[in-house]
Amino acid sequence: MVIAADSAGVATAIAPSPSVASLRGLDGVNLFLAGALSGFGPYVAAYLAEQKWTQQSIGFALTAGGFAGLVSQLPGGALLDAIRSKRIVVALGAGMVAAGALIIEVWPSFPLVLAALVLQGITGGFLGLAITAISLGLVGNAALAERLGRNQRFASAGGVLATGFMGSIAYFLSYRAIFIVAAALVLPLLLALSRVQPSDIHFGRASCIPDHQGPGPPPRAQLRSLWKISGLLIFAGCVFLFQMANASMLPLAGEAFAYNEEPLSSLIVTALIVVPQILVATMAPWAGRRADTWGRRPLLLVGFTALPIRALVFAWTTNPTILIVAQLLDGVSGTMLGVLTALIVADLTAGTGRFNLAQGFVGTISGIGASLSTTLSGLVAGNLGRAAGFLGIAAVALAALFLLWSLMPETHPSNRSEHL
């Protein structure tokens, strides 16, 4: 929010007023980026299994991509706190997504696929941060919850549409053709990005810089300043355990169908992806509004509770119909984490000018959990079977829920504790 002085010299707050074109352009960026990224994740695991890669090789490649993403988060966040043109960051990231998809499609050898996944991981390390920073710069803290809900709605809608289309392509053509579609979706993404007006993105708001600081450059971002925010450290620990349980669940299921030579494996994997995204697209705006009226903590507890239940269902059965229904729980978790993560970070860093650095910190911890998830679950499933892999996931998910319930405070500005 910008501070101005009236004729009497009294400071007054001016609410952000971004143009309709910028807001609609941001909708499009979320829509098409999610579509492009749908070519990765479970489809990569299923595609590589189809190419007769071992579970260990798939796990290693996915872990390498996750590691690249996590090491880019902190420098990416620090850069976003300093750089004024957030749109350039998104444009560069989109180009890297297209390049990675084309590499996987044209050269599915281990070293090149590994390089492509590393490239995509680096992209993921700053694209999400940049879009959230643009959102905050456009609408400010007061309207951020609703804006994040809208971002999540369009991202999920893009994921649903692209996944349905890609799943059909995989069924009628091949998994390989999916990556051509992923690369092509970058073109409308860049067109939508061009509609977001640079003048609407307030530099100070995009980093939670105090209004009274003035027009000069922000203080240098320092990671050690985040250690003083106890709520941020607790939240990062919760997200670490959540991602350690969640990240490998769909890839593990997709690999199982491919190895069993299930004739409808591509359609089953598509349904497992699409069902939760439909729910997220429906629930996300509601969650954004409820985060302001109910607070952040109750919604987080709901999202974390859904994860161990889902893991137990996956361990219990391989029936595709039951697993697809169970994926509704993934939609619940995805809605809550998708809307609340950046919102909680903004709550905890308000007035510090460290919003994007803190986003990078939480993203790094999250990425470590996700990378460990794919490797450890792959090892457990490869040696003890898929059921054991999912039971291990359920145990980690319960630990995440316990940490959240016992230590994580409410962060809503109206009732959070002073020690935050």
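The backbone N, Cα and C atoms fix where each Cβ goes, and this holds for glycine too.
What TrEMBL records for this protein:
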type: DOMAIN; residues: 1-412; note: domain 'Major facilitator superfamily (MFS) profile'
type: TRANSMEM; residues: 29-49; note: transmembrane segment
type: TRANSMEM; residues: 88-107; note: transmembrane segment
type: TRANSMEM; residues: 113-142; note: transmembrane segment
type: TRANSMEM; residues: 154-172; note: transmembrane segment
type: TRANSMEM; residues: 178-196; note: transmembrane segment
type: TRANSMEM; residues: 226-245; note: transmembrane segment
type: TRANSMEM; residues: 265-287; note: transmembrane segment
type: TRANSMEM; residues: 322-345; note: transmembrane segment
type: TRANSMEM; residues: 357-381; note: transmembrane segment
type: TRANSMEM; residues: 387-407; note: transmembrane segment
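Segment contact holds for the transmembrane segment (29-49) and the transmembrane segment (178-196), given three or more CB pairs below 8 angstroms at sequence separation of 6 or more. Remark: the transmembrane segment (154-172) makes no contact with the transmembrane segment (113-142), by the rule of 3 or more CB pairs under 8 A. Counted over residue pairs 6 or more apart, the CB atoms of the transmembrane segment (387-407) and the transmembrane segment (88-107) come under 8 Å in fewer than three pairs, which marks the two as apart. Under 8 Å from some Cβ of the transmembrane segment (226-245) lie the Cβ atoms of residues 300, 304, 307-308, 311, 333, 337, 341, 344-345, 348-349, 354, 357-358, 361-362, 365-370, 372-373, 376, 393-394, 396-397, 399-400, 403-404, 407-409, 411, 416-417, 419-420, all in the same chain and six or more residues away from its ends. For the transmembrane segment (322-345), the list of distant contacts is 132, 135-136, 144-145, 148-149, 152, 155-156, 231-232, 235, 239, 242, 246, 249-250, 253, 268, 271-272, 275-280, 283-284, 287-288, 291, 296, 299-300, 302-304, 306-307, 309-310, 313-314, 355, 358-359, 362, 411: same-chain residues at least six beyond its ends, Cβ to Cβ under 8 Å. With respect to Cβ pairs under 8 Å, the transmembrane segment (113-142) is most closely packed against 357-381, considering the stretches 178-196, 265-287, 357-381.
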